[in-house]
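Asker: This structure is in C-alpha cells; I'll ask about it shortly.
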C-alpha cells in the first residue's frame, strides 16, 4: 500500500477558502489565490502578523506609512468589514471585487456612496463632501483658496442634491452617477482582470483549480 501524503499549509488569520470567495465575488478561484499572495506581502510589510494594518495599507497606497489622508482612511474602513481595525483576507477580496472591471455598476455606485458617507448616516451632507474634496486635493498636492474650494463644493453638491433638501441620498447619488459615469473612474482597477499574470509561477502551481468547483 502506498503512503498518503497530506500537506498542511499555514494560512494567515482570517483566511477564507478561495472557492467560497470566488462564488461571492467577481474573481475566479485562481485570481483569489493570486490575491492571497498579494495579501500576504502587504500583511507582512510592517507588523508581520498576517493581517493588514492601517500603516501597511497606507504604505502600499502612498509609500508612506505615516501619511494622514481621509480618503485612505475611508477606503481602509470599508475594507475593514468587521470593524476590528485590520483588514482580513476575506474583506480584502470582497472589497477589491467592487473595483473589478466586471463588477456590476450598481455595486460600484453603492460602494462609492459609502465612501463619501463619512458619518455612516445613510446620506451625504455638504460638510462630508467638502472634507473628501479637501482630502483628494491634498492627495493630488493641489492647494486652492478657501473661496475656490467652497465654490467647487457648492457646485458639486447642488448638482447631486436634486431634491434640494440639503442632503444627498442613495437615489440622488445613483441618478447623478448614471449621468456622469466619470465619477466611477477610480472605482475600476483594470489590472484586477489580469491579476493572475502578476503571479505566473503561483498560478502554475495552484492547489485549487477552477474545474474543482464543478458540482458533481
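Any Cβ shown, glycine's included, is placed from N, Cα and C.
What TrEMBL records for this protein is below:
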DOMAIN    67-102  domain 'EF-hand'
DOMAIN    104-139  domain 'EF-hand'
DOMAIN    148-183  domain 'EF-hand'
Asker: Using DSSP, what is the helix/strand/coil residue split across the domain 'EF-hand' (104-139)?
Answerer: 26 helix, 2 strand, 8 coil
Asker: Going by DSSP, how much of the domain 'EF-hand' (67-102) is helix, how much is strand and how much is coil, in residues?
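Answerer: The counts are 19 helix, 2 strand, 15 coil.
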Asker: When secondary structure is assigned with DSSP, how many helix, strand and coil residues does the domain 'EF-hand' (148-183) contain?
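Answerer: When I sort the residues of the domain 'EF-hand' (148-183) into the three classes, I find 26 helix, 2 strand, 8 coil.
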